[in-house]
Amino acid sequence: MPPSVPRIPSLSTASVKNRCFHAATNGYHHQEPVPVPAYNYATLLQRSAATADPRLAASLHGALLKPGLLSSDLFLCNHLLIAYFKSRLHRRGLRLLDEMPRRNAVSWSVAIAGLTQGDQPREALALFRRMRLSGCPPNEFALASALNASSFLGATGTGRARQLYGLAVRLGFESNIFLMNAFLAAMVRHGHLADAAQLFDDACARDIVSWNTLLAGFARHWCEQGWILWRRMVREAVGADGFSFSSVLSGLAARASLTSGLQVHAQLVKSGFGDDVYVGNSLVEMYMKSKFLDDGTRAFTEIRCKDVVSWTEMAAGCLHCGEPAKAVGIFSHMMLDGVMPNSYTFATAANVCANLTDLNEGRKVHGYVIKLGDDSDVGVNNALIDMYAKCGSANCAYKVFQSMQRRPVISWTAMIMGFAQNGLAREAVEVFDNMLLKGMAPNYVTLICVLYACSQGGFVDEGWIYFNAMEDKFGVQPGEDHYACMVDLLGKAGRIEEAEELISRMPFRPGVLVWQALLGACHLHGNEAAGRRAAEHALATERDDPSTYMLMSNMLAARHNWDSAGRVRGLMGDTEIMKLPGSSWFQSTPDRNQACIR
């Protein structure tokens, strides 16, 4: 038999393209490069854009320069632009755009869209203006990208969006649903929901993107119109998709509206979107925010492919439902399942440890944060500060605070409150003073915390300085919490009359917190007459609050007025007012301020 002839391996299309590309860029040893057809370059550029490979894009650019294709082929230039912007090589893309001998609407549109998607909205709009000045009429894609860019601007974004949509109408795109949706998204992102709803109602055509855009806006700034829009979708038989269900469930979760949520769940089962992980996550959130732990757990178990959001939402739900110990178990199962935690997971885990006042578990969470490189996340660090402070380790909280490269106002506030809660009032006030020296303006909550610190430390003079500077210097109108802190500060210092005078000068009706603060001070200093007045006002404001009865009873008992104290306690029994059992968030954990993660 004749010897078998070896078969020549067939060349796949990919291998031919790779060899052509190699030939175009490097040549075969000392031979002349084999010319590569333009369509092969186009295919390779498409691959570069699809994979967002910056090295491939740059190599192809060099290969195209040799045969001079870029100077003659606008089609290839546009594909190279796409590859550059998809690879986030914005400077090279803009340089290429400037060097192109010819540009069309596609060239400009690609660059504008690339800058918008690359988080450079101002540069995108500047390029759109250049496009118009060059005399090239914008197409629908350039207009849509510019509208998208305007939605990410600040206060001027709304006006820019209106101007752009007006231009689109003048250019004959008034019936273009693609542009209408882009303008609708801009209005929603800027919070102009009434204008967005009017635009939606006036539109001659709508698609599912239109419905979802408005629905997501209502869900983000949840109001009753979101539920009305959803019922309208059902009534008009609009084919809701997973995004629709996820949006409406998130909105209902924010309102803790279980009755409406159950209706959506029933529609969800009929529509067949139960396997969608995003819908499942929103369903868990809705049940947990309504404090239905069993239903939320059942929804969680029915999610087939759980992601990090699923696990974190479940743990946060357990915490919200008053079961922090179960949340710890959720995190353990998540790690065993091989799911990588994100910053929201770490923040939730720290909140769980703070709720349990479990310093050892809190240290473990901090260790994971450092190990996985999330120790620069501001939200995680704020949660760690709060955790360490509530576990009684103010020293560790301060070390986390000092390690932060960027400290927004919430970080300063957390540190001030952390010191104050641990009896370190002077340190809390010093942090506040350093905050002012750094040029950081305190907000409403920060001023509550520093006044609370002054109250804890008995710093009457500092308290008056901060309180009087609130409106004039910091632009914050004093609220009931601020007045309650000042009344508590003055009362603890024995200045009962001064505290009563401050209450009489309040620009609004004092709430129960203010009167209870005064009542507590009267109990401390044995001022029965002022205490009775404070108790009468507190009960007139909120009769069913057990704290008022307990404060009054304790004050009378301290004065050995046992009969009156007994009558006050009897009133609690007659009106079925129950005193909540006391608890402390301090535990006997050894060496609280010693062993923290460094």
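Note that Cβ sites are derived from N, Cα and C of the backbone, with glycine treated the same way.
Where the annotation comes from TrEMBL, it is an automatic prediction and has not been curated.
Away from its own ends, the repeat 'PPR' (104-138) comes close to residues 74, 77-78, 81-82, 84-86, 88, 90, 93-94, 97, 145-146, 148-153, 160, 167, 171 of its chain (Cβ-Cβ under 8 Å, at least six residues beyond either end). Taken from TrEMBL, the feature repeat 'PPR' covers 104-138 (among others).
Residues or ranges marked as repeat 'PPR' by TrEMBL: 307-341 (among others). Remark: secondary structure over the repeat 'PPR' (307-341) totals 26 helix, 0 strand, 9 coil, with classes taken from DSSP.
For 408-442 (among others), the entry in TrEMBL reads repeat 'PPR'. Residues 378, 381-382, 385-386, 388-390, 392, 394, 397-398, 401, 449-450, 452-454, 456-459, 462, 466, 474-476 of the same chain lie 6 or more positions beyond the ends of the repeat 'PPR' (408-442) yet place their CB under 8 Å from a CB of it.
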Check: Residue counts in helix (H, G, I), strand (E, B) and coil for the repeat 'PPR' (104-138), per DSSP?
Finding: 26 helix, 0 strand, 9 coil
Note to self: Based on DSSP, tally up the residues of the repeat 'PPR' (408-442) by helix, strand and coil.
What the structure shows: 26 helix, 0 strand, 9 coil
Check: Taking the repeat 'PPR' (307-341) alone, what is its mean pLDDT?
Finding: 94
